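Scroll down for the structure; my scribbles are underneath it.
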Amino acid sequence: MGSSAAKALLVAGSLLTVLELGLVGANFQDDCDITWEPQNAKMDEGGNHLTLSLVSNSSGCMLRSKKQFIFGSVSTRIKLVKGNSAGTVTTYYTSSIGDKHDEIDFEFLGNETGQPYTVHTNVFADGIGQKEMQFRPWFDPTADYHNYTIFWNQCMIVWFIDSIPIRVFRNHAAQGVPFPTQRQMYAFSSIWEAEDWATQGGRVKTDWTKAPFVAEYRDISLRVCDCASYGAASCPQSCASASNWYAAPDLCQLSKEQLRQMRAVQLGYTIYDYCADSKRYNGTVAPECSMPQY
């Protein structure tokens, strides 16, 4: 896509959207724990600024929210690793714990200096994943902070970048397609090494002379249905109540403007879509690929 189309997307991202995705009411220090290699995490500005560092092939870092939840929106702003980030993966995702887990992913796959990142998205339900879509960013994600949001309700999952929806995965559980509704999730951020596959299929390895590789985060919003308010057994039913803000009927589909924005991103910046990969499914595609998503 040309520069004029990219500019149009940036302008569209500043428009008022159906969802209010402001980053308020939480910070990393008070609302999260460092669950892996805490020496590689640093917080300042009262917990509103965070860095996660990848120091070696066995020493990255992971942050996890204290809250467990079913449904809502989770947002943060990230500035990805600068320069040669080949073989590194920076993440922002939600996940349950245990067998047949549920998970909603943003993963940012690094690249050689001057080459673009890959924005990797995926969803798991009942332990079943392999629903990847990948995009090239229409901006430099290492030059400044950008807002990444996961919105999840009973109707659909939406991935946003700077308030622009890039993907929707709709609830077709009634048609036999697994969709996460029962398992409480945490929000996670991490940085780790995956040089065997992350960059150009593993062809380009990590240059460890450039370590540490540092990702920066600012602000976090957890507008979620907190399971601590109901208890684990009651959480799925309570969080499915139609009285919750995310269950409003107009949040079960994208607005016309959001749909236009998403189509522009998918037309110009998609580099992989599992629904277009018939070779992976022996000449067919996953059943939800023929079902409405928007």
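Numbers here mean position along the shown chain, with the first residue as 1.
Cβ coordinates come from backbone N, Cα and C, glycine included.
Features reported for this protein in TrEMBL:
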SIGNAL    1-26  signal peptide
DOMAIN    11-217  domain 'GH16'
ACT_SITE  Glu103  active site, nucleophile
ACT_SITE  Glu107  active site, proton donor
CARBOHYD  Asn111  N-linked glycosylation site
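Note: the Cα of Glu103 (active site, nucleophile) and the Cα of Asn111 (N-linked glycosylation site) are spaced 25 Å from each other. When Cβ atoms from all protein chains are considered, those within 10 Å of Asn111 (N-linked glycosylation site) total 20, not counting its own. The Cβ of Glu107 (active site, proton donor) lies under 8 Å from the Cβ of Val89, Thr90, Thr91, Tyr93, Val119, His120, Thr121, Asn122, each of which sits 6+ residues away along the same chain. The Cβ of Glu103 (active site, nucleophile) has 18 neighbouring Cβ atoms from other residues within 10 Å, across all protein chains displayed.
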